[in-house]
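Trainee: Below is one structure. I have some questions about it.
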Amino acid sequence: MYDTLIKNAKTIHEETIGIGITNGKISKISEKITEKAREEIDVQGLYVSAGWIDAHVHCFEKMTLYYDYPDEVGINSGVTTIVDAGSTGENNIKDFYQLAQKAKTNVYALMNISKDGIIKQNELADLSKVNIEKNMERLQELPEFIIGLKARMSKTVIGENGVKPLLLAKELQRKVNLPLMVHIGTAPVDLEELFSYLETGDIVTHCFNGKDNGILDQTGNIKPFAKKAYKNGIHFDIGHGTDSFNFEVARRAKKENIIADSISTDIYLRNRKNGPVYSLAITMEKLLAIGYSLDEVLFRVTEAPADALKIKNKGQLKEDFDADLTFFELIKSEKYLMDSNGNKEQSHQKIIPRMAFIKGEKFDI
Ligand SMILES: [Zn+2]
């Protein structure tokens, strides 16, 4: 007997399936399920995928610069797992943890290597704010919550420090063996130099930003070192944000077979309400609009971020995985979408989340 049986869900390959849920886990996926359940839900042909994971959000509401509410960027947007990317550091991450536990959405954190996180824009301009020992203490205290590290490596953040903050982040990473997400933007540091310190599995967010210090050169080609980095397994994450996603860069990259490894939003209250981000679903539509397939898009908000951030039991629609599921509609619809630089792109398909499950619990959207 299942706790819940979901009937008439559709995969993106147009197969109709039933999903049995027991104790918060997916216990059965099959075209025909005959076993009984305490509760049956007929989703009447909604599409289903593993619960969406947004690998780059800002959701600690006590911050003032970049903040939002976990369930607003999470479950209310069809996103079952969110990863706060460096809003807090060793000094305030416990406070964030306490609050995050109250959310319905699964919340994880990448800890900013600077002690107060993004309390101001220039958190890595003063390196006395980076304390390796204290970072390690916090990681030991909250191993289930802090799943990686974050270093923001652009001009306004690092001041005169050049590559030094990144070297500290790598030093800490070597001690704790966790994923590291590095934000890229305006030089310094020059992107080629920055990439030279990254290793396979390291995550670069804002990968398709339209800035001079991005992956595209002035003739519109992908810079050779960026191709090499991608080929060597540096993980390219979208991290759309207010300032950091450009259609042309994404399209040129795709032409050269550089497809972002994960699709994330860098969402916070202002760019959620006023754009250009709005939601993970709309960010996914933007990648569809420049030619990613639906398969490619969904993989990049489920299995790919789970793998990159080593989030266990999530990201796949598979028996024994957590019953985190996102149900959505796909509707043919013509509209324009906007990137971070005000460029428009024609979009033909809407992705509308309608319902989600988190560890077996149902939420209507
Ligand atoms: Zn961010």
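From the backbone N, Cα and C atoms, a Cβ is placed for every residue, glycine too.
These came from TrEMBL, pasted as-is:
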type	residues	note
BINDING	His56, His58, Lys150, Asp266	Zn(2+) 1 binding site
MOD_RES	Lys150	N6-carboxylysine
BINDING	Lys150, His183, His206	Zn(2+) 2 binding site
SITE	Arg152	site 'Transition state stabilizer'
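What's the neighbourhood like for each of these?
Mentor: Around the Cβ of Lys150 (Zn(2+) 1 binding site), the number of neighbouring Cβ atoms within 10 Å comes to 28.
The DSSP secondary structure for His183 (Zn(2+) 2 binding site) is strand. The Cβ neighbour count for His183 (Zn(2+) 2 binding site), using a 10 Å radius and every protein chain shown, is 23.
In sequence order, Gly86, Asn112, Ile118, Glu123, Leu124, Ile158, Val182, His183, Gly185 are the residues near Arg152 (site 'Transition state stabilizer'), counting only same-chain partners six or more apart with C-beta under 8 A.
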Trainee: If you measure C-alpha to C-alpha, which of His58, Lys150, Asp266 (binding-site residues) come within 10 angstroms of His206 (Zn(2+) 2 binding site)?
Mentor: Asp266
Trainee: Other than His56, His58, Lys150, Asp266, which residues of the same chain sit close to Zn(2+) 1? List them in sequence order, counting a residue when its Cβ is within 8 Å of the Cβ centroid of the site.
Mentor: Val57, Tyr66, Val83, Asp84, Ala85, Gly86, Ser87, Leu110, Met181, His183, Thr205, Gly239, Gly241, Ser264
Trainee: I'd like to verify something. Among the recorded positions Lys150, Arg152, His206, Asp266, which ones have a C-beta closer than 6 angstroms to some atom of ligand 1?
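Mentor: List returned for ligand 1: Asp266.
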Trainee: Can you name every residue in this chain, apart from Lys150, His183, His206, with its Cβ inside 8 Å of the center of the Cβ atoms of the recorded Zn(2+) 2 site?
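Mentor: Here the nearby residues are His56, Ala85, Gly86, Ala151, Arg152, Met153, Met181, Val182, Ile184, Gly185, Val204, Thr205, Gly239, Asp266.
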